[in-house]
Amino acid sequence: MKVLIFALVFLLSLPSKFSYCTNTKSLSNLNTRYICLMDYESGRVLYEKNSRMIVPMASTTKILTAIVALENSKYDEVVTVSERASSIAGSTIGLKKDQKITMEELLYGLMLRSGNDCAIAIAEHMAGSVERFSFMMDSKAFDIGAFNTHFATPHGLDADGHFTTAYDMALITRCALKNPEFAKIVSTKDIVINGINGSKGYHNINKILWQLEGADGVKTGFTNKAGKCLVSSATRNGVKVINVALNSYDRWKDSTALLDYGLKNFKESILLSNKEFGQLVPVKSGNKKLVQIGFDEEINLPITSDEKEDIYIKKIIPYTLEAPLHEGQNVGSLIIYSKDKKIFSMPYKILEEVKAVSS
């Protein structure tokens, strides 16, 4: 397929009332082995360190456990606790065999107290077994685009074949935070739930919620193989960033520094919209002569004040397309550079279906 490449220098006429320190000197003393700092809205990676290396992730696993549960169950579902769930090692909320408990309480116990017993109870209730639930987790991860991730458990205790990357975990967390109930749970510091067994309080063990202005999630983790882990998020002035810190010697200090860096240094933006960057492409053998390609939604791409001085945008699109064409199909890409460094890319998608017609 022949492609047409458009390149343009994009000069931003943005106000310069802010002065930022856009270098990474403030991050020079990090004691975390695997890092991915990501902008929530666009998915742009703002900072990374060994972010594509495959590693264990401990209880940050429960981020995906929770989102799979939220998407496939209701809060008021009643779960019966099995012996396997009640006898699991590590952190628990003290579930007993044959105890009845709601899905809502399990989810708060899972995410605030890191209950391994909650993870097993959720998995068995939803899929009949931990193994089948792990398959559901893998399927969801693949849909998200976390292609270097595999789940063997819903709780994250060390196990063969249980791994991710810092980048994949950032993708998973970004997807999870789009669910309002998930975002509410992980931002909760303390809650009392009036459950089947009476009232019980849950205190969030994620200390960053108290340590950083705007912090609103997400999940701690620790095993001997994974080390200390923390997936965190923070929001200020409508901008949210996500940080994944795996195998960290100082997860609280490092995560605070990284989130603060992301929120302070990327306050400018480029609006990526179909109005500005969409394109009509000729179609062969279709019921339409032209098809609109563009993006699923408008995105404000965060950039630094330094980057905005020299933005270069490349559009790679086909000369022609051949029907049939399906809505959502990838057909090209938009790539953004600053000072000859690639800082972001996103696919062009077909925005309308085109049926094939015989000549």
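Keep in mind that glycine also has a Cβ here, set from the backbone N, Cα and C atoms.
Just so you know, TrEMBL annotations never went through curation; they're auto-generated.
The shown structure was predicted, so the numbers you read here are calculated from the model rather than taken from an experiment.
The annotation signal peptide is assigned in TrEMBL to 1-21.
In this structure, SER59 (active site, acyl-ester intermediate) is part of a helix by DSSP. The active site, acyl-ester intermediate annotation in TrEMBL covers SER59.
Residues or ranges marked as active site, proton acceptor in TrEMBL: LYS62. All protein chains included, LYS62 (active site, proton acceptor) registers 29 other Cβ atoms within 10 Å of its own Cβ.
Cβ-based neighbour count (10 Å, all protein chains) for SER114 (active site) stands at 26. Look at TrEMBL and you will find SER114 tagged as active site.
The Cβ of LYS219 (substrate binding site) lies under 8 Å from the Cβ of SER59, THR60, LYS62, ILE63, MET111, SER114, VAL186, ASN206, LEU230, VAL231, each of which sits 6+ residues away along the same chain. The substrate binding site annotation in TrEMBL covers LYS219.
For 266-356, the entry in TrEMBL reads domain 'Peptidase S11 D-Ala-D-Ala carboxypeptidase A C-terminal'. In the predicted structure, the domain 'Peptidase S11 D-Ala-D-Ala carboxypeptidase A C-terminal' (266-356) carries a mean pLDDT of 93.
A strand conformation is recorded for LYS219 (substrate binding site) in the three-state DSSP classification.
Within 10 Å of the C-beta of SER59 (active site, acyl-ester intermediate) we count 27 further C-beta atoms, all protein chains included. Secondary structure at SER114 (active site), as computed by DSSP, is coil.
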